[in-house]
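Below is one structure, written out as structure tokens; comments come after it.
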Amino acid sequence: MVENERLRQEMRRCEAELQELRAKPAGPCPGCEHSQESAQLRDKLSQLQLEMAESKGMLSELNLEVQQKTDRLAEVELRLKDCLAEKAQEEERLSRRLRDSHETIASLRAQSPPVKYVIKTVEVESPKTKQALSESQARNQHLQEQVAMQRQVLKEMEQQLQSSHQLTARLRAQIAMYESELERAHGQMLEEMQSLEEDKNRAIEEAFARAQVEMKAVHENLAGVRTNLLTLQPALRTLTNDYNGLKRQVRGFPLLLQEALRSVKAEIGQAIEEVNSNNQELLRKYRRELQLRKKCHNELVRLKGNIRVIARVRPVTKEDGEGPEATNAVTFDADDDSIIHLLHKGKPVSFELDKVFSPQASQQDVFQEVQALITSCIDGFNVCIFAYGQTGAGKTYTMEGTPENPGINQRALQLLFSEVQEKASDWEYTITVSAAEIYNEVLRDLLGKEPQEKLEIRLCPDGSGQLYVPGLTEFQVQSVDDINKVFEFGHTNRTTEFTNLNEHSSRSHALLIVTVRGMDCSTGLRTTGKLNLVDLAGSERVGKSGAEGSRLREAQHINKSLSALGDVIAALRSRQGHVPFRNSKLTYLLQDSLSGDSKTLMVVQVSPVEKNTSETLYSLKFAERVRSVELGPGLRRAELGSWSSQEHLEWEPACQTPQPSARAHSAPSSGTSSRPGSIRRKLQPSA
Ligand code: ADP
Ligand code: MG
């Protein structure tokens, strides 16, 4: 135990040392195999100690058992002694009684002859003696019985003694057996104890040896760490110096950074301010430029006139045939592109218009002329472009053109798309198109599902004075593809409706209405501009003969609407108080696109050949008259009057053209024409 204690102490010391080593910050190899082994050893040691404790427990148990057995043995011995003592007493008592009995017997033997004698004598001598003899004999008998009984008892006692001896021997044997068992158990226990002790010693030795090896390794490691530490120290010193230097620098860094940030922020702020002010300036300039552009544009259009009339002469075609009838009767002025000469029935007649396009002029050339009008539509102006002329003079060609060489319609929409695209950063635009036809004073939707349905023109219920056509289909378009689809749809509608489209289209007005709605993204300002592209019905007059029924009715309607158009344009140009818009469906429909700041262009189509000179003359006269209305107010009235009457005179009486009520309305009244300014205001309440 002392040795154990000593070893334990040493182990404890070792463990403490180990723990100390482990606690060192720069352990060479934390979790190395030695520590693992040591842990294992420690485990084993504790296990052994546990086993030893168990053995000790067992030993003490055995000791207790031995003690108990010894006690029991002592008890048994005591009992045995008692038994022996008792037996000795009993023996003694019995031997005493035996002795007494012997003595009695001897005394009785000694007494018996006199008795016999007495008996004999008694027998001889007397009954009295006889009785005494029998009594004595009885007594003798009794005594003999008693002796026998005593002998029996003695025998029993002897037997008892014998059995007692036997018991004693048995008990002794048992005791010997117990003793030997005890001795054996003791020997076993001693053996066990010895083996346990040996085990314990061995384990302790092993653990100690291992701990020593471990300790050695740990010591070695420690030495390595120490040397490492020694070599690391200078490096650490320089690192500490560096660190301190850096720390000093870092301490100064936030200030530096803040300084830099402040200056950069200031610079950026300044730059942003500059950019902002520049932007503002640019925006201001841009707005001014826009205003200026609009103004210039307006001025240009004003200079050219809000209502302009141009002529386009188509080339001679195969359809014109050959011979003298198909010869060219139209010539131009090389120095002035607004003059056109016509040789009518051998007489040369000249007309001056805003511009004259020769047959060589391309679709693009013509479009160039109308381009400004179309762009003004984006700025919110309403625009009307009419193609006027006899059938076959090229109205449809100018307005629609051919797929390879499109006319004003498609080019205008294309231009609108590109203009809208250009302004997309500041403005949001939607472009919608409607197509309608006026035939015999009936308005029909060419894009609707029910093209036969009659449409009505109504005044907007919002009190703006604007007109609208309930049920007129409007398609939003975003690309040339969309336009083509819309046009195709319109054509299909018209073709299925009328078997002879050419004839029908020459007797009806075809309208393409393009609406451009815009919103200025920065100001929220909204604009709406309408572009009306009208392919008018043929202007040819119906001959005296042959005009009957439906053809006559058609002619009357065409005449009525074209005269009404002339009247309206004349009234607008002469700034009359009353403009007879309601005299025809066409003028009524286009009312808001003709009045106010609206711009109108009349393209008078001319056929160049000899056989058409009469109609050509009529068309050019119409053109010149429309154009020349814009002279002085007084003159205007005079001109207008003469034109109306002249036109009236030129109509064939066979047509029985009713006197258009427009004329009565358009007739000037001295009261209204004297103050054009106030009239203008009346005309455009919404402007
Ligand atoms: P309208 O619509 O006035 O009845 P069209 O536009 O149908 O007349 O023209 C009649 C014919 O003349 C068509 O075949 C058309 O292609 C041709 N035409 C008209 N103007 C020109 C032109 N400027 N260049 C070439 N062909 C033309
Ligand atoms: Mg046509």
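Keep in mind that glycine also has a Cβ here, set from the backbone N, Cα and C atoms.
Annotations in TrEMBL come from automatic prediction, not curation.
According to TrEMBL, the ATP binding site annotation covers G389, Q390, T391, G392, A393, G394, K395, T396. For G392 (ATP binding site), the Cβ neighbour count at a 10 Å cut-off comes to 21, with all displayed protein chains included. In the three-state DSSP assignment, the secondary structure recorded for G392 (ATP binding site) is coil.
What TrEMBL records for 4-93 (among others) is coiled coil.
Among the features that TrEMBL reports, coiled coil is placed at 140-206 (among others).
The coiled coil annotation in TrEMBL covers 265-292 (among others). Per-residue pLDDT, averaged along the coiled coil (265-292), amounts to 87 for this model.
TrEMBL lists 667-676 with the feature compositional bias 'Polar residues'.
Marked as compositional bias 'Basic residues' by TrEMBL: 678-687.
What TrEMBL records for 306-629 is domain 'Kinesin motor'.
The annotation region 'Disordered' is assigned in TrEMBL to 648-687.
Only T396, in sequence order, out of the binding-site residues G389, A393, T396 have a CB under 6 Å from ligand 2. Least packed by the Cβ count within 10 Å, out of the binding-site residues G389, G394, is G394. Cβ proximity to the ATP site centre (mean Cβ of G389, Q390, T391, G392, A393, G394, K395, T396, cutoff 8 Å) flags the following additional same-chain residues: R314, A387, Y397, S506, G538, Q605, S607. The Cβ neighbour count for A393 (ATP binding site), using a 10 Å radius over every protein chain in view, is 26. Per-site Cβ counts within 10 Å over the binding-site residues Q390, T391 peak at Q390. Cβ packing within 10 Å was compared across the binding-site residues K395, T396, and the lowest neighbour count falls to T396.
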